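Novice: Provided herewith is a single structure, encoded as structure tokens, for subsequent inquiry.
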């Protein structure tokens, strides 16, 4: 029996060796990509094609427990190159799960916590990354007294998030990177874009991120232009009657707003101007109940007061309960100790983010447009961030050696009619790296109303080439021109294609295995047949040699012996012949054997061995 000390030392040394080989990240408690894998999402339809998903928290400020939640969907197809679209909703403080489950994500929520497929999902040709931004929004969290106050701090934290995300998922770091979102994301996205461009200048070419485009829908980009557009839009839409007392009251408020903006130009928030929107909602209120006031996100609709659109869209009543389910919380890899229940918008984030002295993102666009294309799109029925304000923004903006959509002095880029599957969808207008798209009959959340049209817009902007994929392209035309095929239907997604390719390879491997087995069996049969044939040939050769020997012996005798034998035999086979024993006795045996040996071999013990050495 070995001494106890010797056994203990060996065991301890073995344990230390294992610890030495154990990954440092494991000892430190760092997560890997596998920890974020979404294994099973509750409510998926049975016929749903498989989509690879990852979700969870990434820490951005350890000192304040600041964590951003993300939900990543892999693309269905790769069209000529890899792309990733980061989607952000607005607020500030409103969750990007609105975008994931009501706008551009692959699923929509219905009653009974069921999911259905979105036929206009933006992950058709791009990986989709939804982030609840900034900290405290949606599933993201931070210590109560540590909400951020400004756009620069937000952008810095987002760069930290991306650094850690790409460390976990390096396969996406070299993708063409796009940012998309709506409403107050019109502030977030340009600030993040500027931070990325600044970062790229400090990195080697291999470490840079390929920022390839920005898409902002009904964006709060230029507060001055949007604040001036509330009244203009309301008069154009007939919400406020021109020349009425209500119109005069609002015009007075507009003058106060304009004065404040002239004193403090370029700010993000102007309380004096926001009061105009509130007054419009108040003046257009009718009675009580769920139809009391105008829906500020879609003026064709009405809502209860004082919500005036906050209860919209209708899918919202399903999204909240779905995301609060324990099994969904578990599936999305959420920290149960930190989860306080999903809220669409966090008023605390909003209250802390209102930094009136911040510089509006409109000031960043000219420099960004030197390097990165930007697409602004608007739903024509939105009031709060309406298309009139966006069009004023463009007209007043100077970039890339021109102002507005002027292409030559006095000539502006035309508004080109866009038709989608036979219907007039809106118009496109573009010049010098900036594109503007107006969606007819659409709300503040354009992809909610027109998922397939919005994806067609995305695909055109990203210059998607689907020629190598197959499927049925959509009929999308600008000024009657078909252009490249940008939307596809009926094609299998990457996961399905990979599974089928794997199955095909397995079948091919099985066939090759069967083929090899058949070849082996055939070789064995050939060898066996050859051996059997050789055996038969040897036996017949021996018989022929013996027969020839008897003939040779008989040829040297008198007719009295052999002639008598030959005349009497009924067959040439000696064993079958009937002959007279006395005749055979008279054959001179020794002499005939000597002659026979000189001409034939009748197979002594050494013959087979000698023959074997000469075969080639």
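Cβ coordinates come from backbone N, Cα and C, glycine included.
Note that the coordinates shown come from a computational prediction; the quantities given were computed from them, not determined experimentally.
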Novice: Checking feature assignment: transmembrane segment per Swiss-Prot, candidates 454-474, 475-495, 496-516, 517-537. Which range matches?
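Specialist: That would be 517-537, per the transmembrane segment entry in Swiss-Prot.
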Novice: Note down the number of other Cβ atoms within 10 Å of the Cβ of residue 357 (N-linked glycosylation site), including every protein chain shown.
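Specialist: Summing over all protein chains shown, residue 357 (N-linked glycosylation site) has 10 other Cβ atoms within 10 Å.
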Novice: Once the chains shown are all counted, how many other Cβ atoms turn up within 10 Å of the Cβ of residue 119 (N-linked glycosylation site)?
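Specialist: So the Cβ neighbour count for residue 119 (N-linked glycosylation site) comes to 13.
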Novice: Quick check: of the glycosylation sites listed here (119, 357, 441), which one has the Cα closest to that of residue 433 (N-linked glycosylation site)?
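Specialist: Answer for the nearest of the glycosylation sites: 441.
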Novice: Using C-alpha atoms only, work out the spacing between residue 119 (N-linked glycosylation site) and residue 357 (N-linked glycosylation site) and round it to an integer in Å.
Specialist: 42
Novice: Mind giving me a neighbour count for residue 441 (N-linked glycosylation site)? Other Cβ atoms within 10 Å of its Cβ, every protein chain shown.
Specialist: 15
Novice: Measure from the CA atom of residue 357 (N-linked glycosylation site) to the CA atom of residue 441 (N-linked glycosylation site) and give the result in Å, rounded to a whole number.
Specialist: 36
